[in-house]
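Report on one structure; see the data block that follows.
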Amino acid sequence: MATATMVLTRVKVQRRFGLALRVTAVIALLALAALPLLLGGDVWAQRISRAAIYAVIGLSINTLTGHAGQISLGHQAFVGIGAFAAAFTASRLGAPLGFGLAAAAAAGALTAAVIGLVALRVTGLYLALVTLAFGLTAETTIFNWREFTGGGAGALAPRPTLLASDHAFALLCLGVLALVLYLDWRLVSTKTGRALTALRNNERIAATLGVNTTGYKLAAFSLSGLIAGLAGGLFAHWNQIVQAMDFEFQVALVWVLMTVVGGLRSRLGVILASALFALLPLTLPNFLSSLPWQPPFLNEAVYHVLPPFIVVVMLLIVLRCFPGGFGQLLRPATRWLSTGSARTPRTGTGGRT
Amino acid sequence: MGAFLALGLFQGAVYGLLAVGIVLVYKAKRVFNFAQGEFGGVAAFTAYAIVVGTGLPYWAGVLGGLAAAVATGLIVERAIVRPLESSSRTIMLVALVGVALFTIAIIVLVGQPIPRVMPPLVDGGGVNILGAGILPQQLILMAVLAVLAAAMAWFFKTDLGLAVLASSQDTRAAQVVGISPIAVSRLVWGMAALLGGIAGLLYAPVGIFTPGFMTLTMLVPAFAAAVLGGMTSLPGAFIGGLAIGVVQNLGIYYLGQQLKVPGAAELGVFALLMLVLLIRPQGLLGGAN
């Protein structure tokens with residue numbers, strides 16, 4: 001009896017110790033991530049904002065492609081519409097920032113819902129084509145509609161005085177990212193998440209199980225558009241000016257690849273990959289020009305193709321070697337942090353996307 | 001008006017030429033080939049490097065360009081398509097989008113993002129058709145499109161083409177009767193790359209060309225053409241290509257010039273694509289196949 005109690009106590013103590021260790025590890029990692037924000041000055045505050053905005057975009061694509069299994073090659077359109085809506089409410093109507101962000105989210109959700117209505121009729125590859133064509137049309141028609149976007153000159157999106165400093169704005173972006181993460185987590189661990197899993201794995205079987213496939217598909221599109229619009233609103237105020245050329249349709253392709261590299265349905269993987277691709281265009285040229293020796297074919301003119309080039313190389317490696325992306329590589333670590341055991345239990349909810 | 005019609009018709013010939021390659025890959029592998037445009041990009045830039053860069057005769061440039069395109073096609077088949085054969089079509093599509101972006105990035109890195117002018121196949125002034133100046137190059141393009149669409153339609157009637165179709169329908173059963181899926185895959189991607197290369201070589205001299213010129217502006221209309229034609233029909237790709245070209249230019253004429261809508265060409269293509277998919281998803285000439 002006494003031995004049994006002792007063993008149990010030891011197990012309990014070990015568990016407590018393990019939990020404390022894991023909590024410490026999480027806090028240490030978060031602190032490490034916050035270090036550039038505290039010590040890096042305005043430059044790093046701006047970069048962190050951009051990384052957070054990209055992470056929100058990645059999570060938006062993850063909602064649609066990862067959870068619902070629908071592809072969108074025109075996501076830059078939703079983000080762009082959100083950005084222009086925010087700029088419009090801020091500069092033309094003079095509305096406060098919160099209102100602008102709400103308008104951005106609503107605009108993104110509405111546009112995505114309209115595209116979602118089409119998505120109910122076409123599937124798979126055709127949907128990719130429709131969204132790609134929509135992204136192209138948005139780039140050339142909607143974003144060049146002078147009354148709404150200010151044409152080539154762009155639309156101004158000034159920040160309110162409270163958020164004028166880059167640090168305050170970075171905190172806002174991180175706050176929105178946390179909110180979207182919470183949304184994603186609630187989405188997955190509720191009835192909706194299970195319905196979306198069924199939908200993703202096999203639409204016909206899901207329908208026979210009583211899942212309202214039409215409704216959930218439309219909901220996934222709207223939610224994804226809402227998050228994308230929100231990211232667009234943040235982007236508008238981050239850059240303080242929105243131009244059509246920020247939302248060329250190739251951007252959407254890079255975003256989709258970025259999300260796949262991060263790992264569909266892996267929050268941490270998507271965030272890491274998104275942050276990486278947010279920072280690459282800002283840091284890579286400086287890094288390359290500081291190198292003592294430079295390859296002859298690299299110069300200012302070609303820097304802008306390097307991030308897509310790198311994402312594609314990573315994509316091809318990911319698809320060949322570890323289809324789960326960064327998320328798959330990080331799985332042992334994340335599993336230890338969340339459950340205390342690094343082993344891989346049952347192979348999860350399965351199903352390819 | 002008439003000029004826009006004629007311009008659209010000849011612009012549509014390029015879409016048709018790309019669409020023929022897209023239809024070929026879709027018929028044989030059920031894959032949307034987003035890399036089709038870049039086969040043309042590779043061919044055009046290789047030919048430019050040979051003809052303008054080294055001063056070799058034109059036929060050497062054409063041969064070199066086509067060889068480079070086919071080599072690209074075979075590399076894509078070996079390195080990307082075959083390893084991903086068993087994964088979902090969405091992943092395959094994402095990978096092919098990646099291939100297109102990768103090729104554009106390589107062309108930019110090697111060739112710098114500057115506009116280039118390729119000498120045309122036949123010199124000489126434009127021919128006046130309905131008030132539009134049509135270059136001899138564009139007439140050749142139209143003729144080549146007609147010949148290639150007919151040739152590909154005939155190909156699927158030959159034993160080899162039937163073998164490709166059989167492999168597409170049931171790979172295992174086709175293997176049992178001696179049709180190697182690997183050989184079929186190589187054949188299809190090689191042919192698609194050849195078609196893409198021809199499209200690129202013929203279209204590059206029509207205007208100024210920059211890296212990614214076949215993918216960034218031509219690919220979406222080409223896909224719309226393939227869908228309009230029914231995705232599996234080669235005559236459909238021909239007709240679809242011309243129709244998309246005409247719709248695009250009518251869009252420019254009515255929406256762009258008279259109503260001042262920006263991006264009228266893209267809007268026209270998008271509207272037509274939506275109409276087809278919502279009203280007649282099987283396309284104009286698409287059957288059960």
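Glycine too: its Cβ is placed from the backbone N, Cα and C atoms.
Pulled from TrEMBL:
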| type | residues | note |
| --- | --- | --- |
| TRANSMEM | A:20-39 | transmembrane segment |
| TRANSMEM | A:101-120 | transmembrane segment |
| TRANSMEM | A:125-145 | transmembrane segment |
| TRANSMEM | A:165-185 | transmembrane segment |
| TRANSMEM | A:218-238 | transmembrane segment |
| TRANSMEM | A:244-261 | transmembrane segment |
| TRANSMEM | A:268-289 | transmembrane segment |
| TRANSMEM | A:301-322 | transmembrane segment |
**Prompt:** Hey, which of A:20-39, A:218-238, A:301-322 has the most Cβ-Cβ pairs under 8 Å against the transmembrane segment (A:101-120)?
**Reply:** A:218-238
**Item:** Residues of the parent chain within Cβ reach of the transmembrane segment (A:244-261), under 8 Å, 6 or more residues beyond its termini
**Value:** 54, 57-58, 61-62, 65-66, 71-77, 79-80, 83, 132, 135-136, 138-139, 143-144, 149, 152, 154, 235, 270, 273-274, 277, 307-308, 311-312, 314-315, 318-319, 325-326
**Message:** Which residues of the chain, 6 or more past the ends of the transmembrane segment (A:125-145), have a CB below 8 A from one of its CBs?
**Reply:** 70-77, 80-81, 84, 115, 118-119, 151-152, 244, 247-249, 252
**Request:** Six or more residues out from either end of the transmembrane segment (A:268-289), which same-chain residues have a Cβ under 8 Å from its Cβ atoms?
**Result:** 47, 50-55, 57-59, 62, 66, 177, 181, 254, 258-259, 261-262, 298, 300, 303-304, 306-307, 310-311, 324-330, 334
